[in-house]
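Novice: Before we start, here is the structure in question, set down as structure tokens.
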Amino acid sequence: MKNDPLRILVAEDSPTARRLLVEIVRADPALTVVGEARDGVEAVELAQRLRPSLVTMDIQMPRMDGLEATRRIMTEVPTPVVVVSTLVERDIQTSMAALRAGALAVLQKPLGPESPDFDADSRRLRDTLKAMAEVKVVRRWPDRTAPPAPVPTPPAPPVSPTRPGVVALAASTGGPAALFRLLSELPASFPVPLLVVQHIAIGFSEGLAQWLRTAGPLPVKVAEDGEPLLPGHVYLAPDDRHLGVRGEGRAEVSRAAPVNGFRPSATWMFRSVARAYGPASLAVILTGMGQDGLEGVRELHGAGGRILAQDEQSSVVYGMPGVVVGANLAHEVVALPDLASRLTSAFRGSGGV
């Protein structure tokens, strides 16, 4: 029933950490714990038997780790999965791979009641579980180790009168996997810098950058304030900082106030890009929950920039791109498999790719 609590399966091998997670979840009457798994094998079995609303997934577990368990669940019994990980390098990289395998979000494992951030971290965990439990996980993108299915070549988009000078991308839920696929298909000769705002838990931005470096030939890094924005380089917004552009083509990393609760904010980035590049701006709104980016896209559209939005079918969550399309601000709505070719086509005949 609509008002029944969401049914959570907790997968965690440490008894202490598992008890803590169960207590945090049970503190919210909108959530209930229906099962506890001590390893990945149990997580898959319980997901099949209990059909929970969502699974919280540890990464390092005996018998089967969280990455393989996520893959199995997404293949055998598609269920929203939220990775709850430590900030250990090995765990961060595996967490990123779990996002590509189908997990919707990654959160830092709460440190315990003695931590000054415990209440805020616990509330963030519960809020994330409630939001992600509503996501319909019914599709998986094929792994690039398998031969890609042939797709028709899309018609060339209308040529913009102004050659883009930057590409600004925004994403939330489902974004890491979408970014990985996009970057795997862009050429090393891509002629302009790419800025990225990806909503992700604090502590995971550097790990995300390291993981995205393995996708393809483009260098990926967390942006530093004042550094020059180089063609064919990808710059991610740092933890809890806005990312934009200074007028002279350098990165601006800012501690300015959050925009509608977000820092980094897609709207902040799009506004900055619109001011710096005007009609030479190209914005891409990828899969994500909520409306971050809408007002910034509105300003970028008014400045003459071009806007692409991911289509509903290839989006994990059609929130961020959906509101842009609904506001009639998108010049094109593009399926994820076609996005790289759309971007490269924007530079054909103008000295670019």
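Quick reminder: no glycine exception, Cβ is built from N, Cα and C everywhere.
The structure displayed is predicted, hence computed values, not measured ones.
As annotated in Swiss-Prot:
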type: DOMAIN; residues: 7-124; note: domain 'Response regulatory'
type: MOD_RES; residues: Asp58; note: 4-aspartylphosphate
type: DOMAIN; residues: 158-350; note: domain 'CheB-type methylesterase'
type: ACT_SITE; residues: Ser172; note: active site
type: ACT_SITE; residues: His199; note: active site
type: ACT_SITE; residues: Asp292; note: active site
Novice: Using DSSP, how many residues of the domain 'Response regulatory' (7-124) fall into helix, strand and coil, respectively?
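Specialist: Residue counts in helix, strand and coil order: 54 helix, 25 strand, 39 coil.
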Novice: Give the distance between the Cα atoms of Ser172 (active site) and His199 (active site), rounded to the nearest whole Å.
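Specialist: Between the alpha carbons of Ser172 (active site) and His199 (active site) there are 5 Å.
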Novice: Within 10 Å of each Cβ, count the other Cβ atoms, then let me know which of the recorded positions Asp58, Ser172, His199, Asp292 comes out lowest.
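Specialist: So among Asp58, Ser172, His199, Asp292, the recorded positions given, the one with the fewest Cβ atoms within 10 Å is His199.
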